[in-house]
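Here is what TrEMBL says about this protein:
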type	residues	note
TRANSMEM	23-47	transmembrane segment
DOMAIN	27-121	domain 'TMEM205-like'
TRANSMEM	59-83	transmembrane segment
TRANSMEM	95-114	transmembrane segment
TRANSMEM	134-157	transmembrane segment
Amino acid sequence: MSATSEGAGGTARGILARQAANLLLILVTLWAGALWTVGFVVAPALFELLPERSLAGAVAGHLFTGVHWIAVVAGGYALIFALARHGRAALRSSVVWLVIAMLAIVAIGALGIQPMIADMRSGIADDAALRERFALWHGVSSALYALTSVLAVVLVLRVRRLTD
């Protein structure tokens, strides 16, 4: 049987397309799982269990950086997958725009808000105004993270429907 002949799973091209779709579902599920696990289970536990808030913040920050890299890989793959499968028509897909929105939120947090928060941390103990600004930006960051987490669930459900 040749690589393109019909077999138990269809053509080789069809099998490859199915595996690419399965990988998409796995990656967006990993992204959603990382968001929820790190943001709503691990980070709060760090602040509860570690003796110093600064240590908990440093560890949580490191974990959030890992989640950002998962976002880059999963979101990047989702966009490449959609463009490879549908060409420019992919730009009319709500799933593609959902991924773009999520990646934009991640970029705003990772490249804009988190570095600003990290800079504020060093002088926070002695400056009430800085503590207030820190709390404000930490709240904005948390709200964006929560929004991304909810959007990730929507993304998994949408991709799952597309890959069924």
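Cβ coordinates are placed from backbone N, Cα and C, and glycine is handled just like the others.
Comparison of 23-47, 59-83, 95-114 by number of C-beta pairs under 8 angstroms to the transmembrane segment (134-157) places 95-114 first. Confidence for the domain 'TMEM205-like' (27-121), expressed as mean pLDDT, is 96. Note on the transmembrane segment (95-114): residues 61, 64-65, 68, 71-72, 75, 78-79, 82, 137, 140-141, 144-145, 147-148, 151-152, 154-155, 158-159, 162 of its chain, located 6 or more positions outside it, place their CB under 8 angstroms from a CB of the stretch. Secondary structure of the domain 'TMEM205-like' (27-121) per DSSP, as helix, strand and coil residue counts: 91 helix, 0 strand, 4 coil.
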